[in-house]
Amino acid sequence: MARHGDTRSPSPVGSTYSSSRRSRRDDDRYEKSRREDGRGHRRSRSPERRYRDRDRDRESYRRRDRSLDRRDDYRNDGGYRSNRRDRSRDRRRSRDRGDDRDHRRRSRDRDYRSRRDDSRDKARRRTDDSADLKHKSRRDDSRTRDLDSKSRDTSKPSTPAPAAQTEDEKRAERLAKLEAWKQKQAAEKERKQREAAAAGGARSILEEIDRKSGLSPAVGSPKSPVTPTTDATPAPYAGKFDPKAIKRNAAPTPSAPLVLGNDVAVPQIAKASATFSSMNNHAQANKPAAALSTAPSTLKSKRNVGGFGLGAKQVADAEKPSAVKTLGFGEEESTRKKLERLPTPPLEDGKDETVAADMGAEDEDDDMQDGETEEENAAAARAAAERREERLQNEALRAQSSEKVPQTNGDVEMNDAPIQAEAENMEVDVEEEDVDPLDAFMSELAESAPPKKTFGTKFSKAKEQQPEAMFGDENDVDLTAVGEGDADDFLAIANKAKKKKDIPTVNHEKVEYEPFRKKFYTEPSNLAQMTDEEAASLRLELDGIKVRGVDVPKPVQKWSQCGLGVQALDVIERLGYESPTSIQSQAIPAIMSGRDVIGVAKTGSGKTVAFLIPMFRHIKDQRPLDNMEGPIGLIMTPTRELATQIHKDCKPFLKALNLRAVCAYGGAPIKDQIADLKRGAEIVVCTPGRMIDLLAANAGRVTNLRRVTYVVLDEADRMFDMGFEPQVMKIMANIRPDRQTVLFSATFPRNMEALARKALTKPIEIIVGGRSVVAPEITQIVEVRNEDTKFVRLLEILGNLYSDDANEDARSLIFVERQEAADALLRELMRKGYPCMSIHGGKDQIDRDSTIEDFKAGIFPVLIATSVAARGLDVKQLKLVVNYDAPNHLEDYVHRAGRTGRAGNTGTAVTFLTEEQERYSVDIAKALKQSGQQVPEPVQKMVDSFLEKVKAGKEKASASGFGGKGLERLDQERDAARNRERRTYKTGEEGEDEEEKEDKAEKADERFNKALSSVQSAAAAAPTLPGVPKGIDLDGKITVHRTEKDPAGTSKNPLDKVGSAVADIHARLSRAGVMRSGVPIDNRGPDAGAYHATLEINDFPQKARWAVTNRTNVAKILEATGTSITTKGSFYPPGKVPGPNENAKLYILVEGETELAVTNAMRELMRLLKEGTIAAADSDARAPVGGRYNVV
């Protein structure tokens, strides 16, 4: 119902002004009447005066309380109901007078009359503005504006007896109306029961229960009666027991009631549900206050109910005056204790909650009218009670019809109900039932509800979503739809991204790079005055520095001449670097001048500091890094150990210069390195493989090379060999072209120089002490021994070293060729009592790092390693290096021996050679000669023997430098190992790619075999002549022939020469047109090679013949093998045979100086022939030649 100035706040907002004005006007008359009548505080007072009296009660006027007690004493004559009223009065006194009615609504105690006086005024305003004129006209004349004393005397009877009589008359009238309403509701209920009869057999039992309870006034869930506000005689109670008795007779006898208090059944509450719907609120509105007060544990265990307005609703319903309440049923307390069966809580979130909140608000408004006279209470609450009772009747019927399982007793057992089933049932019922007009009307009223009243409703709606989220069908469908269908696609994408570790090529013409400064060096005056001759003599003094290039700066002699900052000079002084070394004195000015540099110097000569100091100056000149910008200085190394050592050398300078460096290498967790790079770092020390991984990680968002302007390649010869050169060049291609690039190494073969110069621009080459020279401080010992005597000799060397007390803290490093040999030697030395460890590429990176740290710290004195530790390992106490297995080339020997004798210290390098390793003796002897040491006689014999074999063509001279075996071989080995693991621990997913590859390879072989069979069949179709091949085996053994030479002791008689020539001609004519496999028909003459082989290609398809004869493929083979390839003979169609004087069938002649070169060339030609045959077979299969029909 709409109210004028309606507000849910206790403060009189709507009518305060008018009420107070009328109260002041009538104040004198009111005091006079109160003096005339001692009962001046009775309820027949006008609303205006009562409103004024409330203010006085709050301040100092206390006679009101006495009159209230007197009024309650007057009620005590009623007997049983007076006890109820006494409890209500006590509750009122204990209630808080706070302004927050919402707090009162959610309060857990049942004391509800804290704002009695305010509620009087609120109810008074409500009744004044009510649209219900019918009830208003029936009120006493004391409600009118006429305040004459006669009306006051009439409205305020002097004795209780006439008032009680008037009350009885009105109750009789209300009973008649109630009976008429019950009949109307019974008819409506029967109609709805007939509509719900189609629900099936499960509802037939419920219909019986409904029919049984149809005669009871409690079936429609009317409001439980509350004690009337005025006293009454005991006479009407007898007739008011009948509805209760009827209700008890209609309800089935409880078979196993669950008692809470005396006879109160525990309501069934969904355990998992966090909220109650409006149906629960409607049903629980029937609970009397007595039942609630006797069962505090139930509501306290569900204290969140108060947040949804349910607790307040129960209290309010127990208090409010209704049409039934004013009837005064006799033992109404026992009636209150009887609980009705609760409906199943639905999971609706819309209309019903709003209705419940609004009805709760209405109930509270009705509560406020209790302080008035009984007539005013009844008139004000009648309309609300009728609406509420009708709505509760309909909702209870709806809830009962929705019950799937009938209850056999009147009580409700406390069982946990399945929420999902309840939700489904209630959804069906909501669809079946039409929208009730009263519900629609109350929904409209809910729009005008103040925010305080709707707060509980909003909270209820938020909570109510939880069961839907857990058990809703729609969410389940969504969860099923996501992720399942595309799982294979995601895995395929992930595998594809994982396999493709590639970085995009940058088009530098389209990128705008920031300008930067390279040149920081200003030549000091004393160096500028130095002549060229003086500079040359200075370089000669500094270990014979050799320079190549244009405008090479003169070498410096002091750190102060390098143009460094104060911080860098302080660090250098703190580290104890007195003066620059030879490579530093020449390299630092050259790099600081902005030039590209190739620096070659002996091991342990300070090359690392030579490129680090200019880099710090280079970085500090540029602006700081922004977020997600890559490094400025990039240092690449071939091994992880060298990367960690360079990073360690950087640290003293980083803190002083406020720079950051990241060491990125394989084997370590990449996530840590990604985190460091995202935080920002001006310097990155890395290995090429891990750097490519980082550049490709996360679609290139981890780091980039746009800010890189200073690049260092340490151990550059190893970086540019066959293994690392593709990776290094891929990284270099993504760096700006005008960068400054520096290359350093202790060894730099000539064949590596051409590759390195591709990455440099007009470089300055600085060589100190030779390209690949062992430092003169190292004593080199080379011994030729059998394999079984090497270990005994090793024990002897170690024993001699550690027998001297001066070498107690010495370290020994033993190099072997293979990882298995390292572990085997470790086992043998441990048995002999030497504490040692091994390090090689097969170990985890963390083990390698910890092993080197322990070795440097002296935890164990002996370290067994492969060549992975040959570069960059710097141990000051290392005095002995043993090459247990001889190094396979000069550079490796130099680096191995260079682990000792560092920074001016002395050391010893012992090398064991076996008779089978004479190939490696050449490089070792060369190293001994270049370092000024004598070559042992056994070693020299091995060198001479090997050189003779090379001249005879039996051996091939070993190439200088690290001729790496390439990354493809490593990838193949890793893939093979991974495939073995996958086959061993197969889960059904991993092996699919490998199986597909195997299938493809099998299909290719099958196609080739088919094509080859056609070639063989064509050859077999030809007439068989002597020497014609019956089949060609491209995968078979290659036959290489030595070229025939004239006998040394031939006769000088001309007739003999003529005879031999004639015989040769006849022999050749007899073989005309015939060429057996591997036998040439003409391979003589001055240009003939020492070895030759032939390959007939006449009967192969045209694509196959083209593959082995086109100029591009032949040129590649010629460059790779150094052989001569000639196409000879003539092509003959299948089935045609060359005549006696005709050329032989088309074939290829391969000539070379060594058998190995010819074999390699033949193998490559056979591979091309095989690929061409397969391609021809595929094209024939795709486009068959000829049609289906022939023209006759």
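Cβ atoms are placed via backbone N, Cα and C, with glycine included.
Keep in mind that what you see is a predicted model, and the values were worked out from it rather than measured.
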Message: In Swiss-Prot, one of 158-161, 482-485, 714-717 is tagged motif 'DEAD box'. Which stretch would that be?
response: 714-717
Message: Labelled motif 'Q motif' by Swiss-Prot, one stretch among 557-585, 615-643, 876-904. Can you tell me which?
response: 557-585
- prompt: Averaged over the domain 'Helicase ATP-binding' (588-766), what pLDDT does the prediction give?
  reply: 87
Message: Are there any residues at least 6 positions away along the chain from SER605 (ATP binding site) with a Cβ closer than 8 Å to its Cβ? List them or say none.
response: THR581, SER582, ILE583, ALA746, VAL768, GLY769
Query: Taking the centroid of the Cβ atoms of ALA601, LYS602, THR603, GLY604, SER605, GLY606, LYS607, THR608 as the ATP site, which other residues of that chain lie with their Cβ within 8 Å of it, listed in sequence order?
result: THR581, ILE583, ALA746
- request: Based on DSSP, name the secondary structure state of GLY604 (ATP binding site): helix, strand or coil.
  value: coil
- request: Please compare the binding-site residues GLY604, GLY606 by how many other CB atoms fall within 10 Å of each one's CB, and tell me which has the fewest.
  value: GLY606
Field: Sparsest Cβ surroundings (other CB atoms within 10 Å) among the binding-site residues ALA601, THR603
entry: THR603
- request: Tell me the residue counts in helix, strand and coil for the compositional bias 'Basic and acidic residues' (167-195), as DSSP assigns them.
  value: 29 helix, 0 strand, 0 coil
Task: Go ahead and report the DSSP secondary structure tallies for the motif 'Q motif' (557-585): helix first, then strand, then coil.
output: 18 helix, 0 strand, 11 coil
